[in-house]
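Let me begin by presenting the structure, written as structure tokens, before commenting on it.
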Amino acid sequence: MNRESFAAGERLVSPAYVRQGCEARRSHEHLIRLLLEKGKCPENGWDESTLELFLHELAIMDSNNFLGNCGVGEREGRVASALVARRHYRFIHGIGRSGDISAVQPKAAGSSLLNKIANSLVLDIIKLAGVHTVANCFVVPMATGMSLTLCFLTLRHKRPKAKYIIWPRIDQKSCFKSMITAGFEPVVIENVLEGDELRTDLKAVEAKVQELGPDYILCIHSTTSCFAPRVPDRLEELAVICANYGIPHIVNNAYGVQSSKCMHLIQQGARVGRIDAFVQSLDKNFMVPVGGAIIAGFNDSFIQEIGKMYPGRASASPSLDVLITLLSLGSNGYRKLLKERKEMFSYLSNQIKKLSEAYNERLLHTPHNPISLAMTLKTLDEHHDKAVTQLGSMLFTRQVSGARVVPLGSVQTVSGYTFRGFMSHTNNYPCAYLNAASAIGMKMQDVDLFIKRLDKCLKAVRKEQSKESDDNYDKTEDVDIEEMALKLDNVLLDTYQDASS
């Protein structure tokens, strides 16, 4: 509805009513205009009517939605199912062109605009979350692992001699396989135990750089967000090493946007040293479906190079999901979620601490990890290994997702590399433990229900252990009685034989 349409409507309905409707529409259009002008996340979230109006206006700019369109190419945005078309708000052409994921498509102005706005909003949120000097970023329709691979492949052209990636160990398969998939040899740097925490071995990293030679190292691949007792890598010190030796630095920041501590580490690393790109997951940080990531960095031209490395067009779904989410929340809504996550972390920490003490266990002291917590399972592990894994199974069958039990001595082979003590980020962690994390969107009732179910599971495992111990004791006692009876029989037999002779 434009001005002429409203004027025509005044001949059918009272002009006063039409003008009122026109003003109501203008309030929606005002929000859309501010978004296009500023390219920033609105402070307050939009309602669904504004969002749907905006998406509809964008969609009708794509050629597949033109009323008189005649498509004779091999890819004309045709969709067989109306349900599929509605699911995607009729954005069918995707984003980017064959040479650049950020390029504008001539036949899809609306989808191209959607892509640009989504990238702009995400950049604004990254700054809001703590990385104030980030220069550029883009949404890529791949999860974190493949997005890291794209970064490594972009660096390959800059460093033709390189064949190694230095990687402080974190027991998570996708980030390890991202290096293998890119065709490089991971050089695993074992972590060092400091108290309960597993921290970056900076001396080992620098020694390996000197041993292999900077020209033969593609990059250092560090990590922020991780499962306790591992903590975020020493990003500032690693960034200085990278700057001193002229080595690129790629950071796996999978679920770090929600943590001010992780974002501060990235900001400081870029300030004192070198960070080329940092990658974060969309689903873990923005509560959207799995399948998207954000590649960001402090050098605009390098981030553009990564975008140009992506082959072909790409799905617009992750960009659409995060755009809708951020416009619904607004910057104030996202800030509120970050604040609530911090509060839930403290609450979860206190509740696990109380429960662990009730079972003669303890909450591991990992102050450098702002998201994940770990509780020892020493008393279970002392009896036998099966009790630890049994606890994990019991939690899962009771609909507790996300909690991990980590037994001692687990061995796992990933892409031909064998890791001892897999899941614990080190070969020989002192004890078995259970992980839980306070991620964005967690509510107090989630924590309370988890603690209640964990308590029940621990009681059940302890009860079973006690029963097994009693059974074993009874069996041992029976064997002892049988042995004593046999000895007594032998003594009596010897006595009888002596008397007979």
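Glycine is treated like the rest: Cβ placed from N, Cα and C.
Residues or ranges marked as region 'Tetramerization' in Swiss-Prot (evidence: similarity to another entry): 1-44. Shown for the region 'Tetramerization' (1-44): DSSP residue counts in helix, strand and coil, namely 31 helix, 0 strand, 13 coil.
Neighbour list (S14 (phosphoserine), Cβ cut-off 8 Å, at least 6 residues apart, same chain): empty. The phosphoserine annotation in Swiss-Prot covers S14.
Summarising the annotation, Swiss-Prot assigns pyridoxal 5'-phosphate binding site to R75. For R75 (pyridoxal 5'-phosphate binding site), no same-chain residue that is 6 or more apart in sequence has a Cβ closer than 8 Å to its Cβ. DSSP classifies R75 (pyridoxal 5'-phosphate binding site) as coil under the three-state reduction.
Annotated region 'Phosphate loop (P-loop)' per Swiss-Prot: 96-106, in sequence order. Over the region 'Phosphate loop (P-loop)' (96-106) the predicted model carries a mean pLDDT of 87.
The substrate binding site annotation in Swiss-Prot covers R97, S98, Q105, R313, and the record cites similarity to another entry as its basis. According to DSSP, S98 (substrate binding site) sits in a coil region rather than a helix or strand. The Cβ of S98 (substrate binding site) has P311, G312, R313 as same-chain neighbours under 8 Å, each 6 or more residues away in sequence.
Swiss-Prot lists R271, R398, K463 with the feature tRNA binding site, giving similarity to another entry as the kind of evidence. Secondary structure from DSSP puts R271 (tRNA binding site) in a helix. Sequence-distant neighbours of R271 (tRNA binding site): residues of the same chain at least 6 apart with a C-beta under 8 Å from its C-beta are T133.
The secondary structure of K284 (N6-(pyridoxal phosphate)lysine), as reduced to three states from DSSP, is helical. Swiss-Prot lists K284 with the feature N6-(pyridoxal phosphate)lysine, giving similarity to another entry as the kind of evidence.
Cα of K463 (tRNA binding site) to Cα of Q105 (substrate binding site): a distance of 65 Å.
Sequence-distant neighbours of Q105 (substrate binding site): residues of the same chain at least 6 apart with a C-beta under 8 Å from its C-beta are H93, I95, G96, R97, S111, S112, R313.
In this structure, the recorded positions K284, R313, R398, K463 were compared by how many other Cβ atoms lie within 10 Å of their Cβ, and the smallest count belongs to K463. Using a 10 Å radius centred on the Cβ of R97 (substrate binding site) and all shown protein chains, the other Cβ atoms total 17. A separation of roughly 23 Å, to the nearest angstrom, links the Cα atoms of K284 (N6-(pyridoxal phosphate)lysine) and R398 (tRNA binding site). The residues near the substrate site, meaning same-chain residues not in R97, S98, Q105, R313 whose C-beta sits within 8 angstroms of the mean position of the site's C-beta atoms, are G94, I95, G96, G99, D100, A103, G312, in sequence order.
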